[in-house]
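The structure appears right after this line, and notes come after that.
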Amino acid sequence: MSMTKRYNYRAYPTQGQCGELACLFGACRHAYNWAIEQRELMRRRHGRMQTYNQLSAMFTQHRHDPDHAWLTSVSSTPLQQAIRHADKAYQNFFRQYKAGRTRIVANQRTGRKRRTGLPRFKSRRDGEQAAEFTKSARFKIEHTHGCKWAFLTLPKVGTVKLRWTRDLPSQPSSVTIMRHADGTYEASFVVQAEQATAPAPIHEACGIDMGLESLMSIVHADGTRQKIPHPRTLARKARRLRKLDKQLARQRKGTSNHAKTLLLRARAYKHIQNQRKDMAYKLASTVTGENQAVALETLNVNALARTRMAKSLLDANWTRIITRITELCAQYGRTLVRIDRWYPSSQICSYCGRRDGRKPLNVRTWQCPACSTTLDRDYNAAVNILDAAGLAESLNARGDEVRRALAAADEAHLSTKREPTEPYAFI
Ligand SMILES: [Zn+2]
């Protein structure tokens, strides 16, 4: 089965091309903001909206106005795409609005009220800038087999050098050229790609407990278990970020030194972003690749992110890991079971089933008053999740002692210990 995918490549435009691209991004931003403005005017005056086709025709007129000559110096396709994106933003907003999922919030500083989800104006101070070329813009890619570099020709920009890391699986239907906050450029192609073949699973099933002490505690139905430590990506960069923030506070806004520090900070954040993405993707691919069935908790990350644990929690990247696991399970044909959010996985003894109430987060191990097993908080929860998902059959078939050892705090009874495999060894 083929599916739509994005293939991204780092781009290295020349200084002149950077200038051309800056003009192009500016024009796209203008088109987007213009479309939003037109829609808002129409809504306020007449209580309705233009269709995309009407907007598009209006923009053609606007573009050929002698006052806006600078809009004709760039390719017209990205501008039309920008209007299309604004249109899409409105469609998304209305879907949310009709479903009753928007609300009015006030800005804490200015007191100005706005509705959530309503498309906003783009600013040239936004870090991320982009322009999309479709097939009709006739962009061209040249690549000699085995060559490290490829050349992307964009109308009215020129031929931009790309670092070619892998071949495109098919002719791309569009390309988006982006400038990130850290000053790097990227070209993103939309292609049709064949689905990757699923690797053979090693374990029948696994239960996963997500935590902050250890990022994931995984128990497999064949009696093996492992813990994956929290990567603490943010914490390890915290000193550097704090230093840059202090520096920024001392520098005057608008000076070139201030701009330099802003760039350094953007780079530091980009590094964190890359590390987090890399970790989440590798982890998700290992978990889904190795197991035929995966049992997970349903977590309310948004609610937890309002607590004191927010920084560490968001650094753990749970949402991204879970989203990726869900995607891969669908692709590989694996079973994914999500356990109810209110299931008391850390209150029940996974060996005898006694429920002895909530425990504060600092209790990592405890002894079950009924069967006197010393339980490990995370592993015990993972076994319970496996149980609740109805995937523990083969674990139960292995006997009581295997089950007991799996949730126990000491490793003495554990028949087979598993060393963490390669992708986890990044800590
Ligand atoms: Zn017990």
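Glycine too: its Cβ is placed from the backbone N, Cα and C atoms.
Features reported for this protein in TrEMBL:
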- 1-43: domain 'Transposase putative helix-turn-helix' (DOMAIN)
- 188-306: domain 'Probable transposase IS891/IS1136/IS1341' (DOMAIN)
- 318-385: domain 'Cas12f1-like TNB' (DOMAIN)
*Residues of the same chain, at least six outside the domain 'Transposase putative helix-turn-helix' (1-43), with any C-beta under 8 angstroms of its C-beta?*
49-50, 55, 58-59, 62, 70-71, 73-75, 78-83, 85-87, 89-90, 119-124, 129-131, 150, 152, 156-158, 160-166, 168-169, 172, 177, 179, 184-195
_For the domain 'Cas12f1-like TNB' (318-385), mean pLDDT (0 to 100)_ = 89
_Number of helical, extended and coil residues in the domain 'Transposase putative helix-turn-helix' (1-43), per DSSP_ = 29 helix, 11 strand, 3 coil
